[in-house]
Amino acid sequence: MSSSQTKRPLSSAKTGPISGDIRVPGDKSISHRSLMFGGLAIGTTKVTGLLEGEDVLATADAMRKLGATVTRDEDGTWHVTGVGVGALREPDSVIDMGNAGTGIRLMAGIVATHPITTFFTGDASLCKRPMGRVADPLSKFGAQFITRDRGRPPMAVIGTDEAKPVTYTLPMASAQVKSAVMLAGLNTTGTTTVIEPKPSRDHTERMLRHFGVDVDVKVNDDGGRTVSLTGPVEMKAADIVVPTDPSSAAFPMVAALINPDSHVTIRDVCLNPLRTGLITTLIEMGGDITITNEREEAGETIGDLVVTGKNRLKGIVVPAERAPSMIDEYPVLAVAAAYAEGETRMCDLEELRVKESDRLAAVAAGLEANGVIHRIEGDDLIVTGGVVPGGGMVETHLDHRIAMSFLVLGLGAEKPVAVDDANPIATSFPNFEKLMGEMGAKFALHS
Ligand code: S3P
């Protein structure tokens, strides 16, 4: 999103039960990848259910600048005609990835092993985020990087046409870094290997296979994974049906759980086991969530979620190992914890400090402003639940998930909760206010 846009303060107020049978927008991770991989494949990929949020639209523009043809039918079906791995053209202008960390990091991997120079920039949030985590392994292929402020965008990537294959052990659990390395491997002669000590979302591995790439995944003795592919590869166009985003489903899900007598069905949600940590956690907290209609589509597990507010949530300890499977869901889990009986401890949230904002700090500040008892111990966040006083103003720091999480907090609070800027919501969940409003959520422009 544009950081020069005027802020749009919004507040939410105690709502009572919410109900509805809804579809949230398409999964952001899968949407980005469908456009990128479609643009690298030979032939035309049809994509249905694409998330038409600002982050993904930035990726569509990026792929166009690199030579792919990306179009949208009136009914919302997208078509991507690829140029083939190795045949991207040098963009003639700077690529603006907006707010999208996934966009810039995966694109960096793609262009690193093409003989072109690409300039990336982004909004004020993206320009604070560390790119060294991709620049370091991608430099080993032979690419060169120029960044400002010790690894922040704007960033120039000088790609190599003599890429050397790399074996890389991830220093942090990150699907973005894993994917950047795998994507650089597509146009590299030889075998590229990524070892991840803690498994992170595997949409890249699944979707590359769907496009005809032989991706080898081994489960290691310590529970981590070794992922490898041998390039150069040829990718064949393959249609994608994008499931709905579990990270967006999280907001109506928590809204239903904290408002007794709520009943919400959320359709066609991506239930990839590396994305379902929040569902596991909320069920452990006593939440009434049922999965129905489970099925497979384009290499991903999909199902419907039926959520009611009939049980009061209870505080639990959320183990560190679960963090990669729910990394984007901690802000809204902190909201659920604010309404739960007792203490919820969320362990090892270090990675939250380098998201669209420093989410650990932003969540703590938002809880503080609304009278929720909490503390940070090392990288753990501990929230004590009960009646939520509300009445506070929350700074969103250009972070869509901070904005949506605190708007959900207000739906059960004694006094309305305001966020200073609802604009960032458009990056991932453009119809959030409308969809939640139709289910009974009370939102109002805040002056
Ligand atoms: C994503 C990976 C995660 C997540 C992000 C999307 C992806 O980031 O937070 O929203 O699509 O690969 P990290 O890989 O940095 O954990």
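One-based numbering along the chain as shown.
Cβ coordinates are placed from backbone N, Cα and C, and glycine is handled just like the others.
Among the candidates Asp149, Asp328, Asp380, the residue that TrEMBL annotates alongside Lys28, Ser29, Arg33, Ser174, Gln176, Lys355 as binding 3-phosphoshikimate is Asp328. Taking CA atoms as the reference points, Arg401 (phosphoenolpyruvate binding site) and Asp328 (active site, proton acceptor) are 8 Å apart. Cβ crowding, taken as the number of other Cβ atoms within 10 Å, peaks at Arg401 among the binding-site residues Arg33, Arg129, Lys355, Arg359, Arg401. For the recorded site, Lys355 (3-phosphoshikimate binding site), the DSSP three-state label reads coil. Pairwise Cα distances among Lys28, Gly101, Arg129, Gln176, Arg359, Arg401, the recorded phosphoenolpyruvate-binding residues, top out at 19 Å. Each residue in the domain 'Enolpyruvate transferase' (14-434) has a pLDDT score, and their mean in this model is 98.
Residue counts for the region 'Disordered' (1-26) under DSSP (helix as H, G, I; strand as E, B; rest coil) come to 0 helix, 9 strand, 17 coil.
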